[in-house]
Every structure is written in structure tokens, then in C-alpha cells.
Amino acid sequence: MPTEPETDYDPELGRKFIFVTGGVMSGLGKGITAASTGRLLKNAGFDVTAVKIDPYLNVDAGTMNPFQHGEVYVLKDGGEVDLDLGNYERFLDIDMTFDHNVTTGKTYQHVIEKERSGDYLGRTVQIIPHITDDIKRRIREAAEGNDVCIIEVGGTVGDIEGMPYLEALRQFAHEEDEDDILFTHVTLVPYSKNGEQKTKPTQHSVKELRSIGLQPDILVGRCSDKLDIDTKEKIGLFCDVPTEAVFSNPDVDDIYHVPLMVEEEGLDQYVMEELDIASEALPEDERENRWRDLVTQNTEGEVEVALVGKYDLEDAYMSVHEALKHAGLEKNVDVNVRWVNSEKMNDHHADRMREADAIVVPGGFGARGTEGKIEAIRYARENDIPFLGLCLGFQMAVVEYARNVLDLDDAHSAELEEDTPHPVIDILPEQYEIEDMGGTMRLGAHETEINANTLAATLYGGESCTERHRHRYEVNPEYIDDLEAAGLKFSGRAGNRMEILELGPEDHPYFIGTQFHPEFRSRPTRASPPFVGLLEAVLGDDPHTATTEEVSH
């Protein structure tokens, strides 16, 4: 399926597959390496998509703990997936679907359901061929309509959970033409105490990979600095790859510089030559350069943003961090995010919040830390600090307004306090009978109608927007009239559902909340309107009247 309405897909090229595995340890940056390769191929004129393989038994990431796993990223079709798919969407500027995330739980569930329905005609159902065949089918279907599909295998080579996937890739390589398959292995190259780059971990990792029947075509060394030529030659010799197939991916402060760095190494050109598509690439002077222009521009200032939440793992709010960074790219400023723990709103954290230029309260679940979020929202509202509330942040803004403006002292969300006498946030009607947790929220892209002559209309440049949702609760319709009579404007709606709230310019320079998650559609080259407006308010522009770049959401 094409990933975009307009595609550069050339069926005469056939489909090309790049498999990316990792060794030595997890968290090396396989996803960023893969996404950067895809970005460069897209710059060269190819239509590129990606698949992330997660070897866990969960069907999706929807019920995973953000403290341990990081954020749950939501796709346009409602798929709740690993945060790496967010990186692929941002780097490749595509909209992916749940089919682009392959999990062990999803695969096993499908095979078992087929067995129960008699599709296997009484045969013994086994890992090989039934599970491996299903894995290969999923990869091919996700790649349909694209020139290149990049498949990242989560985890580390040697993990028992990943064995069926590596076997499926071994079979896949035999079933496709040699020119259509490329194996990239990302591995750690640490320094010894005497400053020598050590290749032994890479050698052992490749040995493990080869024992499974896979020979890498490209090796990418993750190191604090670039690999020196002696290190590359040694890795090439002992791992049986040409020296020119060994590339560096050193540490950087900003992941958006990685495509530029691996381009300097010549990774993209080598990939195109190995896949026999170099002759089809755009000439270098005709390739997309906006990415390079954005990430290398000299910024003209700094903005301090307080992010008030309860998850102290930065990855739990990855898309919010990235959306703020994208807005900074558009406004040509550096955005420094100050973490404020909403569970510990002591003097230290309160001071960090008060010293910030703007306040963002992101989404989340559970009662812990909500009073700290409400306190932060009140501070922003009463002191004219630019404010953006997302999902739960939107709901807590309603609670704060009900308590401190409507004088409903005990107002709260029914999700967080079942016995509240004023449930200004209540469960969605269709959620009453639902008991299962996984995949049952209001999920995915939904259209919001925007009132004319509002802050939201100015930000989005039109009368509607389509953004991604992930929630079970909404503003209680019984309180809407009272809230609006007291000055809180609901400027965006989906039928009877309140989707956007704001205060007018006479009450606040920038106070807006969204029930949806605009951060999931933000891109480095196409920043999210509410985040751009937040920075405009800090920088002295009036987002209520400023002409922001119209974004097709």
C-alpha cells in the first residue's frame, strides 16, 4: 500500500529490503541508523517505508508501562506501537499503519486463530514453517507499493525471543533476488582505558549472527567518535565484509544530524549500489535539502519550556520533546526542556517551573501527580505564562478551571476520583461496557471541527484539523455551558465531544489544550501548530493573530 497519496514508487525497480539487526547490547540506536538511511534514500527520490519487529509477546504496546518502555506511539489507524515507529514517521515523513509493527503476540495470535478455524487442515502447527511464513507475509504486505522497505529487528542477536524472526529473514533472503536484499548490522565499538577502539564485541556479535545463517553486508559501528581506518580494516577482516562496508555512527547531541553524518560516510551511496538502484537516484544537486538546511541553521535564541509530568524517563514523552524541537526549528530557536516532576511539586520543582518561559502538561494515566499538574496549570493561567495541555493536560485544565473559576472545589475527573461530586471529566459513553484494556480506547486519527475566529483556527489555518487520539474520558457535557459562561472557550469539537479549549486574548496570551495528541503528527519539516504557537507567544508574536504557516493536518 502506498504510504502517501502521491508516491515516487517505481514498480520497475521491484521491492528492495534492508534488514537491520543489532548486537552486543540493546539501545544502540538501530532505529535511528535505519531511519537515517531511509531519509537519505527518500532524498534521492525513492519511496521508502519501514517495519519494526518487536519480539515481545504483547500484541501491541498499548498496555506497556511508560516508566519501563517509554511512550506508546499512536498511528493514524489507531495502532498503539513502539516509539521507534515515531522516529520512522518523523524521519521519513510518512504515515504508517499498525501493519508496519510486527510483534510476537500479534503473529502467534493470528496463527493460533487460523489453527482454531481449521485453516491448516489438521497439520501440526510449528514455529517453522507457520510462524516464519506469517512473519514473511507481514513484511511483504507492509512493503507493497514502495521502492525500499527497511525492517528493524528489535532486541539483540542471540536473544531467544528473536530467533524465529532471524530464521524468517534467512528464509526471506533465499526467496528474493540477491540484489533485492541487504543486511545491515549495528554493533558497539567501545574504547579501552588506553583509548583504543575495541573490535572484539563486534566480532563476537557477527559470529553469533553468522551461526544463525545470516551474513551482514554492512556493519555500522556505534562509538563515541568515528571509527579510525585501522578499526574499520580489522572489523572488515574478521567479520568477512569489505572495509568500505564498515561505517561509523558516532554519538551526536541531536539525532537529526545522523542522516548528514552517515551521508558523509557514504552509507547511502553504498546501499544504493548494493541494491542496484544507484542509477535510478536523483542527481545530488536535485535531491531534497530542506532537512539539511533546517538542522544546520544557526539559531537566534533560546526558549525554556517546563514539561510537567510524572514519568521521569525522557522517552515517556519522546514525541513531545521532538515536537518542541520541531517548533524550535521553524522559529529558529533552541528549545531547552526543563523536567518538572508533578509528583514532587516542592520548592525546587516549583522554581524550575516558574523560571520557564512556557509550560506544557502532557498526557498520562492514573491519579499520581495530577495535583501537581493542576497546580502548574493554575500558575500558568494566573501568571500569563504560555500554556499547552495535551490529553490529560487538557482534562486537568478543565478541572483547574472548574475548581478555581467556577468555585467547584471538589471538581475532578471520574477516572481519577470516582466519588467526586463534580465529575467535569467523565467516561466516554461507548466505554461503559468495555472491560478489556488493550486496544479499546478512542484511538487514531479523528477530525475536529474548529470554530472560526479562534486561536485554534489561526493556528491550524482553517476550520478543521485531523489529529490522533488516545483516551477513554472526555469533558462532561453537563458542565460545558457553565465553563463557557465563565470564559473557557471550547473552540474545537467532534460532534458533542470537546476537543480543543482556549482562553481569549483578553484573558491570556496563549492558553490552549487539546484532547488529542498533536505531537504525534509533528515533523522536523512540518511542525505541529499548537507547539509553534506556544513558541510564538514566548517570542513576542501574537499567535491569536499571527500568520502561521498553514499545515495540512
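Numbers run from 1 along the shown chain.
Yeah, the Cβs are placed from backbone N, Cα and C, and that goes for glycine too.
Counting only same-chain residues six or more apart in sequence, the Cβ atoms lying under 8 angstroms from the Cβ of CYS391 (active site, nucleophile) belong to PRO362, GLY363, GLY364, ARG470, HIS471, THR514, GLN515, PHE516, HIS517. Among the features that Swiss-Prot reports, active site, nucleophile is placed at CYS391, with the record citing sequence analysis.
Neighbour count (other Cβ atoms within 10 Å of the Cβ, all protein chains): 25 for HIS517 (active site). According to DSSP, HIS517 (active site) is assigned to a strand segment. Residues annotated as active site in Swiss-Prot, with sequence analysis given as evidence: HIS517 (among others).
Swiss-Prot lists GLU519 (among others) with the feature active site, giving sequence analysis as the kind of evidence.
Following the DSSP three-state reduction, the secondary structure of LYS200 (UTP binding site) is helix. Note: LYS200 (UTP binding site) has no non-local neighbours, i.e. no same-chain residues 6+ apart with C-beta under 8 A of its own C-beta. As annotated by Swiss-Prot, UTP binding site applies to SER26, LYS198, THR199, LYS200, PRO201, THR202, GLN203, LYS234, with the evidence given as sequence analysis.
Residues annotated as CTP binding site in Swiss-Prot: SER26, ASP159, ILE160, GLU161, LYS198, THR199, LYS200, PRO201, THR202, GLN203, LYS234. Non-local neighbourhood of SER26 (UTP binding site): GLY155, THR156, each in the same chain, at least six residues away, with C-beta under 8 Å from its C-beta. Following the DSSP three-state reduction, the secondary structure of SER26 (UTP binding site) is coil.
The ATP binding site annotation in Swiss-Prot covers GLY27, LEU28, GLY29, LYS30, GLY31, ILE32, ASP84. Counting only same-chain residues six or more apart in sequence, the Cβ atoms lying under 8 angstroms from the Cβ of GLY31 (ATP binding site) belong to LYS52, ASP84, ASN87, TYR88, GLU152.
In three-state terms derived from DSSP, GLU152 (Mg(2+) binding site) belongs to an extended strand segment. Annotation comment: Swiss-Prot describes ASP84, GLU152 as Mg(2+) binding site.
Taken residue by residue with DSSP, GLY364 (L-glutamine binding site) is part of neither helix nor strand, so it is coil. There are 21 other Cβ atoms within 10 Å of the Cβ belonging to GLY364 (L-glutamine binding site). Per Swiss-Prot, L-glutamine binding site is recorded for GLY364, LEU392, GLY393, PHE394, GLN395, GLU415, ARG472, and the stated evidence type is sequence analysis.
If you look up Swiss-Prot, you'll see 307-544 marked as domain 'Glutamine amidotransferase type-1', on the strength of sequence analysis.
Taken as a whole, the region 'Amidoligase domain' (1-277) shows an average pLDDT of 92 in this prediction. Swiss-Prot lists 1-277 with the feature region 'Amidoligase domain', giving sequence analysis as the kind of evidence.
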Can you check which residue among the recorded positions ASP84, GLU152, GLU415, GLU519 has the largest number of Cβ atoms within 10 Å of its own? GLU519
Nonlocal neighbours by CB distance (under 8 Å) for THR199 (UTP binding site), same chain, sequence gap 6 or more: VAL189, THR231, LYS234, ILE235, PHE238
To the nearest whole angstrom, what is the C-alpha distance linking PHE394 (L-glutamine binding site) and LYS30 (ATP binding site)? 34
Report the largest Cα to Cα distance, in Å and rounded to a whole number, among the residues GLY364, LEU392, GLY393, PHE394, GLN395, GLU415, ARG472 that the record lists as binding L-glutamine. 14
What whole-number value in Å do you get for the largest C-alpha pair distance within SER26, LYS198, THR199, LYS200, PRO201, THR202, GLN203, LYS234, the residues recorded as binding UTP? 23
On the three-state reduction of DSSP, what should I expect for ARG472 (L-glutamine binding site)? coil
Specify the nearest of the binding-site residues LEU28, ILE32, LEU392, GLN395 to LYS198 (UTP binding site), where nearness means the distance between Cα atoms. LEU28
Under a criterion of Cβ-Cβ distance under 8 Å and sequence separation of at least 6, what residues of the same chain contact LYS30 (ATP binding site)? VAL20, THR21, GLY22, GLU152, VAL153, GLY154, VAL186
